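See below for the structure under consideration.
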Amino acid sequence: MKNLPILLLLCVAACSAYPLDRSARDEDSNMDLLQDYLEKYYDLGKEMRQYVRRKDSGPIVKKIQEMQKFLGLKVTGKLDSDTVEVMHKSRCGVPDVGHFTTFPGMPKWSKTHLTYRIVNYTQDLPRDAVDSDVEKALKIWEEVTPLTFSRIYEGEADIMITFAVREHGDFFPFDGPGKVLAHAYPPGPGMNGDAHFDDDEHWTKDASGINFLLVAAHELGHSLGLYHSTNTEALMYPLYNTLKGPARVRLSQDDVTGIQSLYGPPPASPDSPVEPSEPEPPAPGTLAMCDPALSFDAISTLRGEILFFKDRYFWRKTFRTLVPEFHPISSFWPSLPSGIDAAYEVTSRDSVFIFKGNKFWAIRGNEEQAGYPRGIHTLGFPPTVRKIDAAIFDKEKQKTYFFVEDKYWRFDEKRQSMEPGYPKQIAEDFPGIDSKLDAAFESFGFFYFFSGSSQFEFDPNAKKVTHVLKSNSWFNC
C-alpha cells in the first residue's frame with residue numbers, strides 16, 4: 001500500500017493535464033482558424049502571420065475588429081466565442097475585404113443583355129431544378145435593373161456556371177462540406193463573371209440542406225459586380241442564412257441600391273401610366289460629381305474606401321455601396337486645410353498623410369494625429385521643393401512615390417528615409433505620364449494618375465498606360 005499515494009498523484013496529474021491539453025489544442029485550432037479566415041476574407045498579408053498568435057498585437061486586434069464590424073458582431077477586438085462561432089459558419093468564398101483578382105476601376109458589364117451557360121450539374125438536384133433555380137436567381141436581379149439574360153448551351157457565355165470540388169483550376173480550391181459554399185468573379189472577360197459551386201455541399205430546393213436558389217442569387221450578384229454587404233438582411237451579406245428558405249429569397253433595399261447604382265432602374269413599361277411630378281432638386285455635390293470637366297486636388301485610400309478631395313469637400317467612395325458620399329472636409333477633420341495638394345495611405349501604419357504647401361498632417365480614421373503638421377523637408381526633400389503635386393504608396397514595396405512637377409522622389413516607409421539617387425524624371429520611369437499631375441493613388445495593383453479631367457491607368461509591372469479615362473469614371477457617371 002506504500003505505492004498508493006504515488007499512484008493517486010500520478011492519476012491526479014494525468015487527469016488534470018487532460019483538460020489543459022484539450023484547452024490548449026482548442027486555442028491552437030482557433031488561432032489557425034483565425035489566421036486562415038483573416039487571410040482569405042480580410043486581406044491579412046503573409047508578413048502578418050507572426051502576429052496572429054499574439055492576440056493582443058495591434059495589427060491583429062484591428063483585423064479582428066474589422067471582421068467583427070463587417071459581420072455585425074460586437075466589436076471587441078478579441079477572439080471571443082461569438083466570433084469563433086461565426087467563423088465556423090458556411091459562407092461565400094468571395095473576400096469581404098480585398099479581391100480574388102486585380103481588376104481596375106468599378107466592375108460592371110458594359111452591355112445590358114448577358115448570356116449564361118450551365119456547364120455541368122450536381123447529383124443532388126434534378127437538372128430541371130437547377131435550370132429553374134438559376135433562371136429564378138437571374139430574374140431576381142433582372143426585375144430591378146435594365147439587365148436581361150438568355151441561356152446558351154455551348155461555347156463561351158458571359159456567365160459560366162459550374163459545379164466543382166476541391167482544386168478546380170482557378171487557384172481558389174473548395175474545402176469540402178461546409179465553410180465555403182461557392183464563389184464568383186466580377187464582370188469581365190475570361191473567367192470573370194463566372195460562378196462556381198462546391199459540389200461537396202448537399203444542395204437542396206428547401207432548407208433541409210444548402211438551398212441552391214439562395215446561394216445562386218447571391219453568387220450571381222457578384223457576377224454582376226456587387227461586393228459583400230455589411231447589412232445582415234441583404235442577399236449580399238457573406239454568411240449563409242439558414243433562416244432564409246426558398247420563399248424568402250428576395251432583395252433588400254441595400255441590394256437594390258447597390259445594383260441600381262451600377263445599371264440603373266428597369267425601364268418603365270409603356271403601359272404604365274406616369275404621374276406628373278415636380279423634379280427633385282439634386283443632392284449637394286451631384287452635379288459637380290458628374291461634371292465632365294471635374295478635376296481633383298488629391299486622392300487617397302482610407303481603410304478600403306477612396307477619398308476624392310476637391311476644394312473644401314471630399315467624396316467618400318466604397319466598393320461595397322458604389323455610391324459616393326459628399327462631405328465637407330471639416331466635418332471629419334476640423335484642423336485640415338482646404339485645397340489639399342496630395343494625400344496617401346500607409347496601410348501598415350493605418351495612417352493617411354495629407355499635404356498642403358510645405359506642411360503635412362496625419363490622420364487615422366477620423367482622428368487627427370498629435371505632433372502634426374510637420375514640414376515636408378523633414379522627409380528629406382531639398383529646400384527647392386515648396387509643395388507636393390501627388391503621392392502614391394506602393395503596398396507591395398512599402399515605398400511612397402512623391403511627384404513634383406516633372407520629377408519624382410521615392411521614400412522608404414520602413415526605414416523612414418528618402419532613398420538615394422532621387423529625384424528622377426517621371427517620363428523615364430512612368431512612360432505616358434507626361435502631364436502635370438493633380439492627384440494619384442493605387443488600386444488593385446494599378447497606379448491611377450490624374451491630370452485635369454483625365455486619368456491614366458498605369459501598370460507598374462509592365463510600365464505602360466493601360467487606359468485613359470475621365471477623372472470621374474469612379475463615380476459611375
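Cβ atoms here come from the backbone N, Cα and C positions, even for glycine.
Noted in Swiss-Prot for the protein shown:
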SIGNAL    1-17  signal peptide
CARBOHYD  N120  N-linked glycosylation site
BINDING   D124, D199, E201  Ca(2+) 1 binding site
BINDING   D158, G190, N192, D194  Ca(2+) 2 binding site
ACT_SITE  E219  active site
REGION    260-285  region 'Disordered'
DISULFID  C290-C477  disulfide bond
REPEAT    337-383  repeat 'Hemopexin 2'
Q.
Can you tell me the CA-to-CA distance separating C290 (disulfide bond) and G190 (Ca(2+) 2 binding site), as a whole number of Å?
A. 31
Q.
Nearest of the recorded positions to N192 (Ca(2+) 2 binding site) by CA-CA distance, picking from D124, D199, E201, E219?
A. E219
Q.
Give me the CA-CA distance between E219 (active site) and D124 (Ca(2+) 1 binding site), in Å, as a whole number.
A. 19
Q.
To the nearest Å, how far is the Cα of N120 (N-linked glycosylation site) from the Cα of E201 (Ca(2+) 1 binding site)?
A. 15
Q. Out of D124, D158, D194, E219, which of the recorded positions is least crowded by other Cβ atoms within 10 Å?
A. D124
Q.
Quick check: of the binding-site residues listed here (D158, G190, D194), which one has the Cα closest to that of D124 (Ca(2+) 1 binding site)?
A. D194
**Q.** Within the repeat 'Hemopexin 2' (337-383), residues counted as helix, strand or coil by DSSP
**A.** 7 helix, 21 strand, 19 coil
Q: Taking only the Cα atoms, work out how far G190 (Ca(2+) 2 binding site) lies from D199 (Ca(2+) 1 binding site), in Å, as a whole number.
A: 22
Q: Please name the residue among the recorded positions N120, N192 whose C-beta has the most neighbouring C-beta atoms within 10 angstroms.
A: N192
